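The Zn(2+) binding site feature in Swiss-Prot is assigned to Cys24; the stated evidence is similarity to another entry. Per Swiss-Prot, disulfide bond is recorded for Cys24-Cys93, Cys26-Cys122, Cys36-Cys147, Cys150-Cys197, Cys155-Cys160, Cys168-Cys189. The feature region 'Involved in metalloproteinase-binding' is assigned by Swiss-Prot to 24-27. The signal peptide annotation in Swiss-Prot covers 1-23, and the record cites similarity to another entry as its basis.
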Amino acid sequence: MAPFEPLASGILLLLWLIAPSRACTCVPPHPQTAFCNSDLVIRAKFVGTPEVNQTTLYQRYEIKMTKMYKGFQALGDAADIRFVYTPAMESVCGYFHRSHNRSEEFLIAGKLQDGLLHITTCSFVAPWNSLSLAQRRGFTKTYTVGCEECTVFPCLSIPCKLQSGTHCLWTDQLLQGSEKGFQSRHLACLPREPGLCTWQSLRTRIA
């Protein structure tokens, strides 16, 4: 593998020239879905400038992990994550970190590939301070309770109906025009009884 090098303006121009015209699009997930579908969920600071591998056209960001919420077994003996990897082009869902505040903490939910943390534009990456207190509680404690049995089911157009008793209908985008509505910021889809999951309130108190 070719070494990673600082992302220079010439490389940016090359990537722009060879990138397909169609941009990456995806539907942002409910935070619980992001947690359950990710291999690794951490809190970290972006502390370095992006570096690009000119052979694979992947870039990496240096991070400083401050907390891990999911992935202890998947990570194995590795005690720390120092880099996060993403495609170097936005057209293929590459994530571009736009904050220059190196002391700001971010919630990062991603996939592990060969022991390396990978994210895309479609991954859940958000400033920790932008999360509601309920969402913080979900990531630190509660979302995991619903991962095995429950599914957040997006409702994007009418009519939509539940396909299973273990599904919770997510209507934020339909009713409020945003994935950051009430259900996203304050609720989790959790087991009520065997074979049944319902939206349940997340207390604002952090455990």
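Cβ atoms here come from the backbone N, Cα and C positions, even for glycine.
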**Message:** Please give me the disulfide-bonded residues out of Cys26, Cys36, Cys122, Cys160 that lie within 10 Å of Cys189 (disulfide bond), comparing Cα atoms only.
**Reply:** none
**Request:** To the nearest whole angstrom, state the Cα distance for the pair Cys93 (disulfide bond) and Cys24 (Zn(2+) binding site).
**Result:** 5
**Request:** Consider the disulfide-bonded residues Cys36, Cys147, Cys150 and say which one has the Cα lying nearest the Cα of Cys122 (disulfide bond).
**Result:** Cys36
**Request:** Give the number of CB atoms, excluding that of Cys155 (disulfide bond) itself, located within 10 Å of its CB.
**Result:** 16
**Prompt:** Whose Cβ, among the disulfide-bonded residues Cys160, Cys197, has more other Cβ atoms within 10 Å than any of the rest?
**Reply:** Cys197
**Prompt:** Cα of Cys36 (disulfide bond) to Cα of Cys160 (disulfide bond): how many Å, rounded?
**Reply:** 23
**Message:** If I take the Cα of Cys197 (disulfide bond) as reference, which of the recorded positions Cys24, Cys147, Cys155 has the closest Cα?
**Reply:** Cys147
**Request:** Might you list, by sequence position, any residue in that chain lying six or more from Cys26 (disulfide bond) with a Cβ less than 8 Å away from its Cβ?
**Result:** Cys93, Thr121, Cys122
**Asked** For Cys150 (disulfide bond), which of these recorded positions sit within 10 Å, Cα to Cα: Cys24, Cys160, Cys168?
**Response** Cys168
**Complete:** Smallest Cα-Cα separation from Cys155 (disulfide bond) among the recorded positions Cys24, Cys147, Cys168 is shown by Cys168
**Complete:** Within the same chain, the residues at least 6 apart in sequence whose Cβ is under 8 angstroms from that of Cys168 (disulfide bond) are Cys150, Thr151, Val152, Phe153, Leu162, Cys189, Cys197, Thr198, Trp199
**Item:** Cys155 (disulfide bond): secondary structure state under DSSP, collapsed to three categories
**Value:** coil
**Prompt:** Of Cys24, Cys189, the recorded positions given in the record, which has the fewest other CB atoms within 10 A of its CB?
**Reply:** Cys24
